[in-house]
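The next block holds one structure in the form of structure tokens; read it before the comments.
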Amino acid sequence: MKYMITSKGDEKSDLLRLNMIAGFGEYDMEYDEIEPEIVISIGGDGTFLSAFHQYEERLDEIAFIGIHTGHLGFYADWRPAEADKLVKLLAKGEYQKVSYPLLKTTVKYGIGKKEAEYLALNESTVKSSGGPFVVDVVINDLHFERFRGDGLCMSTPSGTTAYNKSLGGALMHPSIEAMQLTEMASINNRVYRTIGSPLVFPKHHVVSLQPVNDKDFQISVDHLSILHRDVQEIRYEVSAKKVHFARFRSFPFWRRVHDSFIED
């Protein structure tokens with residue numbers, strides 16, 4: 001089996017990476033950064049996101065594993081003390097694949113420029129590059145509202161525990177193939193109104209954000225943020241692709257939520 005290990009880059013994570021590579025050396029495991037079947041992320045959810053995007057073109061052939069060397073993460077759920085056990089389990093191939101939905105973002109520009117597509121594990125956000133943020137929200141070709149505010153966030157089910165949660169969005173179980181739109185400081189008064197609630201869309205829905213005045217936007221996809229100019233439309237939909245995780249034990253989603261945000 002081919003595998004690779006990525007590290008956060010701190011001393012603890014780097015040392016654990018070297019120890020695991022040495023451990024895999026005792027088994028029929030091949031280290032391969034080009035075409036790995038298993039990608040192990042050591043660090044936190046940020047490190048995991050980087051690993052995901054590094055291999056997003058090969059998602060169908062890869063299963064991911066996260067080891068946290070800091071706080072418990074939603075993607076990094078193994079502890080460093082369990083690394084030896086994980087090496088043995090992987091060498092035996094004793095795992096199941098669990099799949100989570102992803103978000104597809106398409107940015108369309110003015111005449112002459114090719115559209116851009118992005119894949120998000122957590123979320124995509126849209127904000128103005130400087131002036132007022134005003135867009136028409138169109139759902140399945142039906143004009144829904146004209147939004148005015150700081151911006152909008154579209155998240156995956158697993159991503160609802162991230163930025164979406166801080167915006168007051170609902171938490172969604174990753175088995176639900178859907179996406180959730182939340183507002184950032186919307187303007188609501190006698191003149192301007194928005195729905196004022198998070199919206200959840202099933203996988204066959206397409207949400208289009210269409211600029212009203214300003215066509216320059218700061219668009220983020222997970223940890224990547226880029227200034228896009230002359231934007232004509234931003235389209236969101238549940239991607240046909242999925243991310244796969246190697247699971248060796250039961251660790252329910254709601255247990256992760258409890259341990260991360262409540263923990264008695």
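Placed from the backbone N, Cα and C atoms, the Cβ positions cover glycine too.
Model, not experiment: these values are computed from the prediction.
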Worksheet item: Which of ALA63, ALA178, ALA185 shares the NAD(+) site with ASP45, GLY46, ASN122, GLU123, ARG148, ASP150, THR161, ALA162, TYR163, ASN164, LYS165, SER166 per Swiss-Prot?
Response: ALA185
Fill in: Distant-in-sequence Cβ neighbours of ALA185 (NAD(+) binding site), under 8 Å, six or more positions away
GLY149, ASP150
Fill in: Distance from LYS165 (NAD(+) binding site) back to ASP45 (active site, proton acceptor), taken between C-alpha atoms, in Å
16
Worksheet item: How far apart, in angstrom, are the most distant Cα atoms among the NAD(+)-binding residues ASP45, GLY46, ASN122, GLU123, ARG148, ASP150, THR161, ALA162, TYR163, ASN164, LYS165, SER166, ALA185?
Response: 31
Worksheet item: Quick one, of the binding-site residues ASN122, THR161, which Cβ has the fewest other Cβ within 10 Å?
Response: THR161
Fill in: Chain-internal residues, separated by at least six, CB under 8 A from TYR163 (NAD(+) binding site)
ASN122, GLU123, THR125, CYS153, SER155
